[in-house]
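What follows is a set of notes on a single structure, which appears directly below.
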Amino acid sequence: MKLRLTEVVEKIRDLESQAFEPLCAYIYDLPALQQHAAYLVGTLPESCELFYAVKANSDLPILQTLAPIVAGFEVSSGGELAWVRKYFPEKPVIFSGPGKIDQELDQAIHQNVDCVHVESINELQRLASLSIRAEKSISILLRVNIAIDNLAATTLMMGGKPTPFGISIQDLPECISWIQAHPEIRLYGFHFHLLSHQLDAEAHLQLIELYLKQARLWCEIYGIKINHINVGGGIGINYRQPEQQFDWEIFSSKLKLLLSNCGLPEIRVRFELGRYVTAACGYYVMQVIDIKKNFDQNFIVGRGGSHHFRTPYAQGHSHPFYVVPINTWQYPFPRPEISNEKVNVVGQLCTPKDLISFDSPVISVRCGDMLVFPYAGAYAWHISHHDFLRHPHPQQLFLPLKE
Ligand SMILES: Cc1ncc(COP(=O)(O)O)c(C=O)c1O
């Protein structure tokens, strides 16, 4: 997604001119999101469907922007399902996630879910009992955790090794026999989500090829027919080197060939992407409150912190940022400033873990300037511990879609 910094900076200046205290805000660029999502859907091969994993950012304007573009939403809790169903009663929904309780499975049966991604034999059996009681059949995908030789690891692995996610292949025969004896459960296919933060398009293509091969093999071994394979989410954002992002153009063009050669001509391939859809539409903005040196290090203290924007701490990176100079200074004493030095950017929390950027070179930052952190539209506000220290929540602004 191309960042529209000019529009974002204009909004920041506008907000700052009206603010009566240091500013802290999230700004989401809905036109950029709309364009990006349409590009992703438009470049995927015919046989693919793009679902949006709402856990990345479930704000209503984000979902409203995406709903006319994506094939559906992927939810991972009863809360997300209720939220999506309240506003999008007809939109196809996939229900995945570990540890689903009976009430959530029942919700899936009654709330017109396209399919449930089943995580264990016990979950499968509970779903079957609930579906018999409701006298409604339910479609499922079995989420399977498989070992892959020489799997190139990313910084966040959900499978390919022991994890709480998915069904082990040792349990697969029992699951298939169970399904064959229970017509209330319709097996649509298999679901794989082995990793997140994938930055390498070629490696992702290889992974998908292996998923498809594996699924075809299971169809032969178990004599089953499937119509869907869900290849998960997991396409990453390069926070450390933002100019080197996942090469979607290569990925989508080579995917076409891969799918036409995979020997599964009827199959629908679903993606459930979160981060790659919304990360680049969001910006976290902190106004500089203080600048100081402690021992040999420089610290810039911004309004807000990791209780709003936990992404850098969660991923262990130093988040890149832009400085938007603000020219007003209301005090009679000199304005603190730092030039041509490396800085650490922290927030207002009483913990050294409240670190957003570290060892970041800056040309010039003054108290009162704005720091703008891009790629803050996914797993940012929604994964943060908002009420720690009871600071106020940041403003949430959405650059509007054009009529
Ligand atoms: C099962 C599953 N699907 C999809 C996603 C979305 O992943 P991403 O945001 O990396 O695309 C996740 C994220 O944790 C997940 O666990």
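Placed from the backbone N, Cα and C atoms, the Cβ positions cover glycine too.
Any TrEMBL annotation is an automated prediction that lacks curation.
Features of the protein shown, as given by TrEMBL:
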DOMAIN    44-279  domain 'Orn/DAP/Arg decarboxylase 2 N-terminal'
MOD_RES   Lys55  N6-(pyridoxal phosphate)lysine
ACT_SITE  Cys350  active site, proton donor
One should report the C-alpha separation between the residue listed as 'N6-(pyridoxal phosphate)lysine' and Cys350 (active site, proton donor), rounded to whole angstrom, as 28
For the residue listed as 'active site, proton donor', the number of other Cβ atoms found within 10 Å of its own Cβ:
7
For a quick check of packing: other C-beta atoms within 10 Å of the C-beta of Lys55 (N6-(pyridoxal phosphate)lysine), how many?
21
Within the domain 'Orn/DAP/Arg decarboxylase 2 N-terminal' (44-279) only, compute the mean pLDDT.
94
